[in-house]
Amino acid sequence: MASTVPSTMKAWQFSSASPTIEANLKLNNNAPLPDGANNLGPDQVLVKVIAAGLNPVDFKFAEIPWLGRLIVGSPSTPGMDFAGRVVATGPNTKSVAVEDLKPGQLVFGRLDSPSKFGTLAEYTIAPRKGCVAIPPGARVIETACVASVGLTAYQSIVYRLKDHTGKRIFLNGGSGGCGTFGIQIAKQMGCHVTTSCSTPNVDLCRSLGADTVIDYKKTDVIAELKKMQPFDLVVDNVGVPTDLYWAAPSFTNPGAPYVQVGALAVTPGFILGNFFKARWPGWLGGGKRPWEFMHIESNVQDYEQLGRWMQEGKLRAVVDEVFGMQDDGPVKAYQKLRTGRAKGKIIVKIDETWED
């Protein structure tokens with residue numbers, strides 16, 4: 001490995017998350033490689049990153065006062081999603097029941113959590129369960145944005161209903177990363193999909209297969225939902241309207257799961273509100289529909305299903321913009337991501353020589 005991996009790498013790093021990580025992001029041309037890069041542990045994969053997909057969790061955890069630094073470390077490189085090429089693999093313990101990846105193989109995937117050594121760097125170490133071969137014919141750059149939102153959308157829909165055909169799903173927020181994948185996945189499973197978005201994104205959501213689109217700029221989302229047949233599942237990708245969950249009994253069937261994916265901010269009030277939704281008895285003012293905050297678990301088989309759909313043309317990544325590694329590209333990328341107005345995903349091209 002010593003002959004193929006340099007002693008240092010280029011990486012975007014921040015040492016403070018106040019007021020934001022992008023206000024402190026700097027390109028380090030001589031950053032150390034991830035810990036263990038030359039001595040990989042069991043089921044670890046060293047990846048030379050071609051592109052990184054950005055997610056709000058990249059900055060939301062890091063920006064939690066005091067706690068963020070403990071979770072992520074400092075200095076830190078943000079980013080969890082990637083597309084790249086395998087450099088080396090650690091011993092395979094067979095805990096992941098798949099074939100070994102080979103050096104040189106193109107892969108996409110995600111890290112398990114925000115890390116000091118994230119994916120906005122030339123090299124990253126991924127868990128084997130979070131790394132899968134890129135299917136033939138897929139655009140490598142686009143696969144960089146699939147793992148987190150694709151897996152979130154897949155598990156929030158596929159795992160929550162036993163029988164999907166004909167089931168009615170409401171996806172709150174259809175034009176972002178999770179929403180664009182969620183619409184397509186729900187349709188693949190045979191569901192009837194209603195989603196919400198702003199006026200400029202209505203046509204996008206319809207083009208992805210949404211049966212009904214609520215324009216929240218023109219109408220009240222909850223009022224519109226109450227006029228429709230009751231839903232069997234709600235996936236909330238945005239966290240607004242803030243009273244959407246409490247209104248759910250008026251537009252969902254009894255027992256319909258409510259899956260919280262997105263939130264405006266992780267605040268003490270948000271955490272307390274979630275406690276009442278999840279734990280407080282309904283007869284004492286708590287939630288009257290099963291509520292959970294979405295937690296995804298990397299699963300090679302799920303990634304492979306997403307890859308098959310992409311290969312078959314049944315699932316596509318909606319990419320808002322691809323930024324470069326140089327000239328403050330990542331800074332501008334996070335600034336745009338933070339607006340919440342991106343159509344689909346934002347990608348940073350780490351290897352700027354790569355062409356699909």
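The count begins at 1 with the first shown residue.
Keep in mind that glycine also has a Cβ here, set from the backbone N, Cα and C atoms.
The following features are taken from Swiss-Prot:
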BINDING   57-60, 175-178, 198-201, TYR216, 261-262, 342-343  NADP(+) binding site
Original post:
Hey, does DSSP put TYR216 (NADP(+) binding site) in a helix, a strand, or just coil?
Top reply: coil
Original post:
For TYR216 (NADP(+) binding site), which residues of its chain lie six or more apart in sequence with Cβ-Cβ distance below 8 Å?
Top reply: SER196, CYS197, SER198
Original post:
Same-chain residues six or more away whose CB lies under 8 A from the CB of VAL57 (NADP(+) binding site)?
Top reply: MET80, PRO114, SER148
Subject >> Cβ neighbour count (within 10 Å, all chains shown) around THR199 (NADP(+) binding site) >> reply: 10
Subject >> Count of other CB atoms lying within 10 Å of the CB belonging to ALA342 (NADP(+) binding site) >> reply: 19
Original post:
What are the non-local neighbours of GLY177 (NADP(+) binding site), defined as same-chain residues 6+ apart in sequence with CB under 8 A from its CB?
Top reply: ASN55, CYS145, SER148, VAL149, ALA342, GLY344, LYS345
Subject >> DSSP state at THR199 (NADP(+) binding site), helix/strand/coil >> reply: helix
